[in-house]
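> The transmembrane segment annotation in TrEMBL covers A:20-39, A:92-125, A:145-162, A:168-188, A:209-232, A:238-257, A:278-296, A:302-325. If you look up TrEMBL, you'll see A:364-402 marked as domain 'RING-type'. The region 'Disordered' annotation in TrEMBL covers A:404-440. The annotation compositional bias 'Pro residues' is assigned in TrEMBL to A:428-437. Here TrEMBL flags A:483-525 as domain 'CUE'.
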Amino acid sequence: MPVILLERIPLPSLRTYTSLSVVLLSCAVFYAYQCVLAFQTNPHNSDLNGAGIEHNVNIGNSKEISDILNDPDVVKEPLPSEFDIQLPYESFWWNVVYVLTSEIWCIWTVVNTAYCCLILLAKLIQKAVFGELRVVEKQHLKDKFWNFLFYKFIFIFGVMNVQTMEEVFVWVAWFSFLGFFHLLTQLSKDRFEYLSFSPTTPRLMHMKLLSLLGFILFSCMVLLCACTYIGLHAGITIFAFMAAECLILAIRCLHVLGRYVIHLYEMNVDGVWENRSIYIYYTELIFELSAISIDFGHHLHMLLWGNIFLSMASLVICMQLRFLFYEFKRRLNRHQNYRRVVKNIEARFPMATEEEIKDHNDNCAVCWERMESSRKLPCGHLFHNACLLSWLEQDTSCPTCRMSLSEGPQGDPNGNVPDETGDARPNVPHPPHPPANPQTTNHFFHFDGSRYVSWLPSFSVEVTHTQLLPHGGARLPALQTSQLDNMARQVLSVFPHMPVNLVTEDLRNTRSVDFTIENILEGRLEAPPPGTLVTRAAIGDSESEEEPENQVCIKIISGLNSVYLFIKKKMLSILTSLLDLHLHWSL
Amino acid sequence: MAGSALRRLMAEYKQLTLNPPEGIIAGPVNEENFFEWEALIMGPENTCFEGGVFPARLAFPPDYPLNPPKMKFTCELFHPNIYPDGRVCISILHAPGDDPMGYESSAERWSPVQSVEKILLSVVSMLAEPNDESAANVDAAKTWRENRMKFEEIAAKTVRKSLGI
């Protein structure tokens with residue numbers, strides 16, 4: 001909501017903003033210049049000596065701090081006659097700079113100018129490297145920007161719990177640079193993915209993008225040096241916080257670079273590059289895993305160090321930790337599957353001989369490229385090793401003739417006992433119940449909080465009963481899922497007179513509440529006359545007299561998620577109301 | 001990932017331009033993006049769609065040919081197997097894993113040996129012989145089944161519209 005509101009506020013164009021900033025800055029410089037001039041023409045202060053300088057520095061510093069601690073809204077009226085700061089430097093221009101950094105309104109002007117420069121730099125890079133941005137890229141940028149702002153706000157005020165304005169300044173400056181490079185990396189990634197869709201990208205475009213990535217990487221190293229330097233003064237914790245951010249940025253950048261280099265090499269190499277997919281796979285794996293683990297460690301560090309177990313910030317961090325953990329697990333599962341498929345292929349499908357390839361005399365059916373080496377399936381079809389591998393990762397049949405290649409009892413030439421959890425469908429999760437009892441029935445409770453108050457969570461509790469004894473399976477078909485039940489409930493709330501089994505049957509065909517309702521409305525689905533037996537009992541109750549159940553599992557599905565979304569929304573609204581600084585990111 | 005998909009799409013484009021199948025023209029919308037194709041399909045002869053020229057868009061995933069492209073007619077087509085928004089519902093375009101209609105055997109679904117040409121040929125045969133058992137447009141299926149005259153009337157109107165008459 002606040003974000004939408006913010007988008008509607010007419011922000012000044014970059015041109016107006018820049019000229020305003022320049023005017024403000026020149027005012028500030030002029031003011032400082034006048035101050036120094038007035039000071040130097042004043043005979044009382046013109047005879048500064050060495051001791052005086054030392055003394056006056058102290059006065060100046062205390063003045064500066066007291067100024068910073070003042071409410072920034074109260075801009076002191078610049079009146080040269082009341083001017084009483086002692087100037088510490090001999091050089092005229094150093095004194096001007098000193099005045100600029102000690103008067104509160106001058107400081108704000110300087111900060112504003114710095115941001116203006118950053119935005120202008122971003123605009124310059126955009127013009128030079130990217131040209132016109134695509135809609136997707138703009139959207140990604142916007143999402144990334146708000147996300148970054150949100151998490152860093154949590155970090156500064158929730159985790160670090162900074163108290164003084166100076167600290168805020170330092171952190172904000174740090175994150176501005178970091179965010180700037182993060183956004184550039186995101187933009188480069190999107191653009192690379194787009195460029196990889198085209199065979200005719202000019203070489204110059206690649207050079208520009210690659211050099212931008214190189215520049216980001218170099219800046220990463222500079223930032224890393226900076227945080228090492230700061231870490232020497234501020235301690236190991238601060239160093240760890242800052243270095244983790246730098247490393248994540250560097251890894252993301254390297255990831256894009258790695259993919260880019262592989263892509264360019266692939267497009268320019270003649271013929272087939274056999275091991276291509278292996279390189280790609282391991283590059284992705286290593287970069288993804290390392291980015292996730294560093295991020296995980298970073299968040300864990302925040303949670304433990306910040307001592308914030310009972311606060312909003314901890315909730316947000318826990319959510320992020322949970323997300324990262326599942327991401328990590330998902331990636332590892334995929335890798336296990338990959339390893340299994342590789343092993344399976346190596347064990348069961350031999351490499352084809354030269355003669356077989358010659359007899360076959362055709363290209364690989366997956367990539368349409370010539371075959372120099374290939375694997376032979378039991379059905380006699382030949383494919384590249386890499387092509388076969390990537391297909392078998394998601395399916396288990398021969399691409400050409402659809403012969404099942406799963407490790408069934410008949411398909412194993414080595415006579416190994418097929419593994420019960422083998423790769424019949426590698427990417428499909430195994431059914432939670434033993435296959436001997438496919439008959440499951442569900443209780444399904446759904447609480448939709450948003451119907452009462454907008455921020456109440458909605459959640460679903462699903463109780464699955466699995467019967468031990470095989471039971472007369474005609475009552476409820478095996479496809480009875482919670483989703484189907486839920487859809488049936490929705491239909492029944494519109495048409496209470498319809499029998500539930502009819503509705504479920506139709507839903508199974510249409511897979512859509514709308515279509516079923518349409519079917520009912522148009523009379524394709526008719527309720528039986530009132531005399532017939534109607535099983536419109538609540539869906540979960542119908543098996544209450546069934547055989548004993550052996551397994552009850554409860555799933556709470558989306559409750560926490562909506563709470564999290566709500567908190568995120570609230571935090572964002574607080575954030576936007578606090579920040580007076582509207583960045584017009586019209587890259 | 002996109003590299004091998006790009007090579008394969010370029011090979012398919014080359015083949016389609018060297019020996020184009022009858023009644024089908026297809027190619028990338030522009031050279032900058034090989035993953036977005038435009039196709040023109042002529043209505044098959046001796047059917048109610050005869051004479052029409054129907055434009056369609058094909059959007060390929062980055063891991064093509066492991067996953068099927070998405071196909072959508074950009075003109076209005078009243079047909080049992082075409083959703084009202086133009087999306088085409090044929091089994092060859094369904095990924096092996098998902099089964100939106102619930103009764104296709106995996107043999108009818110996508111596999112990497114399929115190609116743009118095969119997709120477009122099966123769309124042509126779908127235009128010729130609608131399959132009203134797996135209706136994507138329920139209205140059209142009903143009209144096709146119960147009021148063939150009216151269906152042909154509507155089809156003739158679509159054909160005229162597609163030619164801009």
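Cβ atoms are placed via backbone N, Cα and C, with glycine included.
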> What residues elsewhere in the chain lie close to the transmembrane segment (A:302-325), defined as a C-beta under 8 angstroms and at least 6 residues from its ends?
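Sequence-remote neighbours of the transmembrane segment (A:302-325) are 151, 154-155, 157-161, 237, 241, 292, 295-296, 560, 564, 567-568, 571.
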> With DSSP, how much of the domain 'RING-type' (A:364-402) is helix, how much strand and how much coil, in residues?
8 helix, 5 strand, 26 coil
> Sort out for me which stretch, of A:20-39, A:145-162, A:168-188, A:238-257, A:278-296, has the most Cβ pairs below 8 angstroms to the transmembrane segment (A:92-125).
A:20-39
> Would you list the DSSP helix, strand and coil counts for the residues of the domain 'CUE' (A:483-525)?
32 helix, 0 strand, 11 coil
> Mind checking which residues of the chain, 6+ beyond the ends of the transmembrane segment (A:238-257), have their Cβ under 8 Å from one of its Cβ atoms?
174, 178, 181-182, 185, 188-189, 192, 210, 213-214, 216-217, 220-221, 223-224, 227-228, 230-232, 283-284, 287-288, 290-291, 294-295, 297-298, 301-302
